[in-house]
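Annotated in TrEMBL:
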{"type": "ACT_SITE", "residues": "Asp204", "note": "active site, proton donor/acceptor"}
{"type": "BINDING", "residues": "Glu18, Asn154, Asp204", "note": "divalent metal cation binding site"}
{"type": "BINDING", "residues": "Arg101, Asn103, Glu121", "note": "substrate binding site"}
{"type": "DOMAIN", "residues": "16-264", "note": "domain 'SMP-30/Gluconolactonase/LRE-like region'"}
Amino acid sequence: MSSVRVECVSEERCGLGESPVWDEQEGALLYVDITGRKVCRWSPATRQAQAIPVDAPVSSVALQKSGDYVITLGTRFAALKWKEEQVTTITQVDKDKANTRFNDGKVDPAGRYFAGTMAEEVRPAVLERHQGSLYTLFPDLSVVKHFDQVDISNGLDWSLDHRTFFYIDSLSYSVDAFDYDLQTGKIGNRRSIYKMEKEESIPDGMCIDTEGKLWVACYDGGRVIRLDPETGKRLQTVKLPVDKTTSCCFGGKDYSEMYVTSASDGMDKEWLSRQPQAGGIFKITGLGVKGVPPYPFAG
């Protein structure tokens, strides 16, 4: 193992930082602040983040083939033109529910945007249960609902052979796998591949590396863990100087750097004084593995 280094690259405090995505074209890291209602883009060159404010909690951002972005905003899938700071609704879900919002989302290898919903939180990780669903926005802008009864729809990614879809419903404290049909986007045969240890706390965002291993950010666990989906074993733990680690992705020139988002919501003054970087963006180097570039939405 090479020596692992953790560094806070942006100390602009997010309430609930999430959904880091590397934008290779811009050489920058995209992410959202859900409760701060903004989409952010951090440049390693300037070490500054630009932010675009939006009108609802924005829970994920993804690349679009056209060069712009797609986002999940409230209960809407929407398109975001960065330069114009213009948001256009594509479609809405959960119309029968007054109290839900989207959470994490990611684009599959065929260019479909998967994202799930959850009930609005009373306070962090406290909410009405079984209110969420998992959806896919297809490139033709149609939407399919896969299942409901979700607590907190969270991390998602696909195996390197595109035959398995990995998914986290946070309050199940489990990382799950589904059989995945790349042609149709259908999923089935759900099973648990990893159950969280007590000190790892709540599984949140997730990404895969080029060795087919999963990295999971542990909310309230202050760490990211590396899992082998074949054996169900934890291979590595990287601790961060903040408790509320929320999601992770690989980025940088050759996708050898890991970026981790975090949150500060729900922390009192004393807790924040102990963890002044809470809500910051972290970069982990020296992991000795690389990540898979994000897929753009094909619509």
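Positions of Cβ are set from backbone N, Cα and C atoms, glycine also.
Bear in mind that TrEMBL entries carry predicted annotations, made automatically and left uncurated.
Worth saying up front: this structure is predicted, and the values here are computed from it rather than measured.
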Next item on the list: Around the recorded substrate site, report the further residues of that chain (criterion: Cβ within 8 Å of the mean position of the Cβ atoms of Arg101, Asn103, Glu121; site residues excluded), sequence-ordered.
Entry: Ile34, Pro57, Ser59, Thr100, Phe102, Thr117, Met118, Ala119, Glu120, Leu127, Ile152
Note to self: Around the C-beta of Asn103 (substrate binding site), how many further C-beta atoms are within 10 angstroms, looking at every protein chain?
What the structure shows: 25
Next item on the list: Across all the protein chains here, work out how many other Cβ atoms are within 10 Å of the Cβ of Glu18 (divalent metal cation binding site).
Entry: 27
Item checked: Other same-chain residues whose Cβ falls within 8 Å of the Cβ centroid of Glu18, Asn154, Asp204, the recorded divalent metal cation site, in sequence order -> Ser19, Asn103, Asp104, Ile152, Gly155, Ile168, Ser170, Gly205, Ala217, Tyr219, Thr246, Ser247
Margin query: Measuring Cα to Cα across Arg101, Asn103, Glu121, which the record gives as the substrate binders, how far apart are the two most distant ones in Å?
Written below: 11
Check: Where's the emptiest Cβ shell within 10 Å among the recorded positions Glu121, Asp204?
Finding: Glu121
